[in-house]
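Below is one structure, written out as structure tokens; comments come after it.
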Amino acid sequence: MKGLLRSFHYAFDGMAYALATQRNMRIHFLAAFVVIFLATVVSIPILQITTVLFSIALVITLEMVNTAIEHVVDMVTEDFHPLAKIAKDVAAAAVLVAAVNAVAVAYLIFYDKLNPVQWRSMDTLVQPPFIGVLLISVLCLMVAVSGYAVRIRLRGKDVHPSGS
Ligand SMILES: Nc1ncnc2c1ncn2[C@@H]1O[C@H](COP(=O)(O)OP(=O)(O)OP(=O)(O)O)[C@@H](O)[C@H]1O
């Protein structure tokens, strides 16, 4: 049990580190927060909410994998190397594909629900399957990671060639 908690702690650290050091991760996080908030207050079906959550998770996951690949490449060489370039460019391309997909998904799901806004009936937030509780928990987790990322930045992040 202690080992499991420790591995969650390391994962939380990793996410906060990526958020503290990667500008693109901060952009994805902010966009994800706004979209999840919209999914909470706007009336959209559960299947569409799962598509939104999946698209967001894909972008954030790939941004973290991209950050990990950048760091491993920088650890192996800080000299220019064609293979280092391929590794970093392909990892960045993976994030780009997921981000374009997420924008398309958000557009297709929200375009007819925002003008005029179709508000969700608040009852549906607290009735099974407790979609409001789920989405608000995700938002709270994102706030917690952001708070931790701010602490990392205030403490002074590790200086590293990748990221900004
Ligand atoms: N060691 C290297 N050898 C060859 N090309 C490199 C090397 N390091 C970086 N590059 C090139 O510079 C680009 C930017 O690399 P960098 O490590 O600065 O990523 P980044 O700008 O921080 O990316 P991101 O915005 O995803 O965080 C890479 O995509 C790659 O084309």
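Just so it is clear, glycine is given a Cβ too, placed from its N, Cα and C backbone atoms.
Automatic prediction, not curation, is the source of TrEMBL annotations.
Annotation comment: TrEMBL describes GLU63 as active site, proton acceptor. The ATP binding site feature in TrEMBL is assigned to TYR10, GLU70, LYS88, ASP89. TrEMBL lists GLU63 with the feature substrate binding site. The annotation divalent metal cation binding site is assigned in TrEMBL to GLU70. Summarising the annotation, TrEMBL assigns transmembrane segment to 27-46, 90-110, 130-150.
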Once DSSP output is merged into helix, strand and coil, GLU63 (active site, proton acceptor) belongs to helix
Which residues of the chain, 6 or more past the ends of the transmembrane segment (27-46), have a CB below 8 A from one of its CBs?
19, 52-53, 56, 59-60, 63, 99, 102, 106, 109-110, 113-114, 117-121, 124-125, 129, 131-132, 135-136, 138-139, 142, 145-146
Taking only the recorded positions TYR10, GLU63, GLU70, LYS88, which have a CB closer than 6 angstroms to any atom that belongs to ligand 1?
GLU70, LYS88
Do you know which of the recorded positions GLU63, GLU70 has the most other C-beta atoms within 10 angstroms of its C-beta?
GLU63
Using a 10 Å radius around its CB, how many other CB atoms surround LYS88 (ATP binding site)?
16
About how far apart, in whole Å, are the alpha carbons (Cα) of GLU70 (ATP binding site) and the residue listed as 'active site, proton acceptor'?
10
Just to be sure I understand the packing, how many Cβ atoms besides its own are within 10 Å of the Cβ of ASP89 (ATP binding site)?
10
If you measure every Cα to Cα distance among TYR10, GLU70, LYS88, ASP89, the residues said to bind ATP, what is the biggest one in Å?
27
Going by DSSP, is LYS88 (ATP binding site) sitting in a helix, a strand, or coil?
helix
How far is it from the residue listed as 'active site, proton acceptor' to ASP89 (ATP binding site), counting Cα to Cα, in Å?
13
